[in-house]
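Colleague: Pasting the feature list from TrEMBL:
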- A:7-28: transmembrane segment (TRANSMEM)
- A:48-81: transmembrane segment (TRANSMEM)
- A:93-114: transmembrane segment (TRANSMEM)
- A:120-144: transmembrane segment (TRANSMEM)
- A:164-182: transmembrane segment (TRANSMEM)
- A:213-233: transmembrane segment (TRANSMEM)
- A:240-260: transmembrane segment (TRANSMEM)
- A:266-286: transmembrane segment (TRANSMEM)
- A:293-313: transmembrane segment (TRANSMEM)
Amino acid sequence: MTVNPRLYPLLATIGIFMLAYLVCWMQFPYMLSTRVVGNLLTDNAYLGIVAVGMTLVILSGGIDLSVGSVIAFSGVFIAVLLRDTGLHPLAAFAILLAVTTAFGAAMGGVIHLLAMPAFIVTLAGMFLARGAAYMLTIESVPIVHPFYETLKNAYWLMPGKGRLTLIAIVMLLAVVAGALIAHRTRFGASVFAIGGGEQTARLMGVRVGATTVGIYAFSGFMAGLSGIVFSIYTSSGYPLATVGTELTAIAAVVIGGTLLTGGAGYVLGTLFGVLTMGLIQTYIVFDGSLSSWWTKIVIGVLLLLFILLQRGLLRVSSLRA
Amino acid sequence: MLKTLMTSAAIMVCAAAATAQTVGFSQIGSESGWRAAETTLTRQQAEERGIDLKFSDAQQRQENQIAAIRSFVAQGVDAILLAPVVATGWDSVLEEAQEAEIPVVLLDRQVDAPDDLYLTAVGSDLVHEGEVAGQWLVEKVGDRECRIVELQGTTGSSPAIDRATGFRNAIEGHDNLEIVRSQTGDFTRTGGKEVMESFLQAESGNEICALYAHNDDMALGAIQAINEAGLNPGEDILIVSIDAVPDIFKAMAEGDANATVELTPNMAGPAFDALEAYWEDGTMPEKFIQTESTLYTQDDDPMAEYEARKDLGY
């Protein structure tokens, strides 16, 4: 039986996650409980959602640095809207998603039309969104609404008292949706094609402009959704929230086995990337004596490992060809 | 014989393990010397009381704190200490802790949640700190005319607002005292120095009688500025500030500063006291345990205070 070499990074990701879980379980048997699994999914829901958007961006060879700020903006936007107007949260969600999707689409448009590096354009977007959040309020605004109470308390009590929360389910659905879009649609095929090389993609007849706008619009939508989830998670809007989350999301995508230069990867891998990072954090809290900065060190080591793995795979495949 | 010894030893070990309580501590981060000292003292207090402390540094991020608290609950710790990075957004995770019957004690900052969700909160009264500083100045100057300049903390932050209010409460009714200039130095040394320089230029130095700084760091920066302007800090200009970090004691020993009000980093001590009483027989503590705001002046042997504090990680 031969395995497609393209699958190696994904298998490596899943393998590392299993191995890490095994190590945790041997030291703290309680790690293998529905409670911890439920926590892992809930605590990383916002990160998982935003990482799905980031996966598509990175698959196309781009980068989106604005998402952390967009999450913070979303939380503040919803909190202020609910505080100052009589809107129903669902209406606020719809307005917000329209805003963030348009914001992403605008960034995609600038990237394509001005042929600017995504890094620069989304860096500007990062400052814009963070600044906009501060314009709305400089303090943390609590969200008090009966509908939010319902959302917050919506969970399925798994056997063993673990909670599968609504936001965790939203995250899993986002992963499924992202995977379908990336691997089963024409749009997804165009994303991979652009990631493989824009010139080739153009020659293949891919509509590069529309696809680029679509990719960043998708990332903006996911960042908005992630912001909604984060606002449910903390039931407040705080302009200083999720600073640096864009980098965590990028790390999750790379640990998830997606090639940072684009063109190869799986959305499912990103989910495991997110869970691996959450697992490291949980382990450190369980241990209780390690400095929490070890999370960053382990993530750094994992990132290096995956970059080396990808380099190695590229070399192997070019040798074969 | 050996066997009995071993069994009894095993029983004793088990008994010890059963009584040793595990407490999870979710700390904001290590953004300032004061917070580092709080962490050090919490560890010390836990060790002295034989409590197994699980420490988690949230690196200034609320999401890390929420995740840490959930993990503590999943582990089934006996209590949780929380120094919240922001006031809002704690309801659901505190409810989870409550359902698991794990008492939560808030350290140093308050949260925006119903107070039945936590056992108690330990903290200082920021307004009172400002009042203590103001009262000291009122007594020190007596009937003399006194033009005061004020270095405020970060605009809009609760310590800045409350410490300003407290000081004003204390000098109210004493018409010889007047705050002539007030600006933010952002709680930093460089901020304090720069703003003090502009104060000295604007007020032509010798007309300023006292400086009130919302924290010691700004006061230390201001001392530098006063020295550079050729004046004598501590004599020409009286200096009172808040926090009681080691360096201000050094300045007091050298006669450069006059008084400081302590914001004690030992929040864990009263928290553990309350928890131990609660574990013992379910005693419910008050909802707010106020730590003391002690005033230190040059007469309180500042060098000894400096020595006692310098290794706490400030």
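For all residues, glycine too, the Cβ spot is worked out from N, Cα and C.
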Colleague: Report the listed stretch (A:120-144, A:213-233, A:240-260) having the maximum count of Cβ pairs within less than 8 Å of the transmembrane segment (A:164-182).
Modeller: A:213-233
Colleague: With the transmembrane segment (A:7-28) as the reference, which stretch in A:120-144, A:213-233, A:240-260, A:266-286, A:293-313 has the largest tally of C-beta pairs below 8 Å?
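Modeller: Looking only at A:120-144, A:213-233, A:240-260, A:266-286, A:293-313, the most contacts with the transmembrane segment (A:7-28) come from A:266-286.
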Colleague: Other than its close neighbours in sequence, what residues sit by the transmembrane segment (A:93-114), given a CB gap under 8 Å and a spacing of at least six beyond its ends?
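Modeller: Tertiary neighbours of the transmembrane segment (A:93-114) are 62, 64, 66, 70, 73-74, 77-78, 81, 87, 121-122, 125, 129, 208-209, 212-221, 223-225, 227-228.
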Colleague: What else in the chain is close to the transmembrane segment (A:213-233), if you only count residues 6 or more beyond its ends and a Cβ gap under 8 Å?
Modeller: 42, 45-47, 49-50, 52-54, 56-57, 60, 62, 64, 66-67, 70-75, 77-79, 93, 96-97, 99-105, 107-109, 111-112, 118, 122, 143, 148, 151-152, 166-167, 170-171, 174, 178, 181, 187, 191, 194, 241-242
